[in-house]
Amino acid sequence: MTQGYFITGTDTEVGKTYSTVKLIRQWQSEGLRVAAMKPVASGCEVDAAGRWINDDVRRLTDATGQTDLDLMNPYRFLPPIAPHIAAQQAGVEICLDTIVEHYQRLAPQYDRVAVEGAGGWYAPLSGQSFMADLAQALGLPVILVVGMRLGCINHALLTAEAIRAAGCEFAGWVANQVVPQMPAYEDNLATLDRHLGAPRLLTLPYAL
């Protein structure tokens, strides 16, 4: 039976895609067939085949070998701006049911599926919905990527509380160091381990 996870972050630019690829590689090393979804992506470029694709999706497909972009990334926009604003400018309504339908078509082919959100937990998808609503609609456990830098404890604890308040399972978290030097790094890890109430799945050092 397929196990899916929804990957969110404490903010934008905390390394969600980098962390998702690391999780994918770990699951693949366990012999699992793994797929990724990036339901909504902005900042796309047109590749040699005429497809719209952004860097995050390219890195995910490099990790999984998937070729059906329409299935894994149903909503794509060119401007490098918040997806709900890009959708408004394009005259497109991002529909949760469409994303769920794509997931349900994709998932049975794999043992594990990583669904990477855009931005943070409350990043808007449309005038009516947020990333949190997508995780709820998919019914998936949530993995939180914590960008390890000053202020991350508050951001992480608030996001974890919001995940649980939404009725979603908080399956674990990834510590991703996003600055070259973080004062009291180990102390921050220990504090998060103590208060998040979910397992730390990966600890990733700073990477350029």
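Including glycine, each Cβ sits where the backbone N, Cα and C put it.
Bear in mind that the values here come from a model prediction, so they are computed numbers and not experimental data.
For Glu13, Val14, Gly15, Lys16, Thr17, Tyr18, Asp56, Glu116, Gly117, Ala118, Gly119, Asn176, Gln177, the entry in TrEMBL reads ATP binding site. Taking a C-beta cut-off of under 8 angstroms and a sequence separation of 6 or more, Asp56 (ATP binding site) has the following same-chain neighbours: Lys16, Thr17, Lys38, Ala41, Glu116.
For Thr17, Asp56, Glu116, the entry in TrEMBL reads Mg(2+) binding site.
Per TrEMBL, active site is recorded for Lys38. Taking all protein chains in view, 28 other C-beta atoms sit within 10 angstroms of the C-beta of Lys38 (active site).
Ser42 (substrate binding site): 22 other CB atoms within 10 A of its CB, across all protein chains. For Ser42, the entry in TrEMBL reads substrate binding site.
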Residue pair Gln177 (ATP binding site), Ser42 (substrate binding site) - Cα distance, angstrom, rounded: 24
C-alpha spacing of Gly119 (ATP binding site) relative to Ser42 (substrate binding site), in angstrom: 11
For Gly119 (ATP binding site), the number of other Cβ atoms found within 10 Å of its own Cβ: 22
Protein Cβ atoms within 10 Å of Glu116 (Mg(2+) binding site), excluding its own: 28
Ser42 (substrate binding site) in three-state DSSP notation: coil
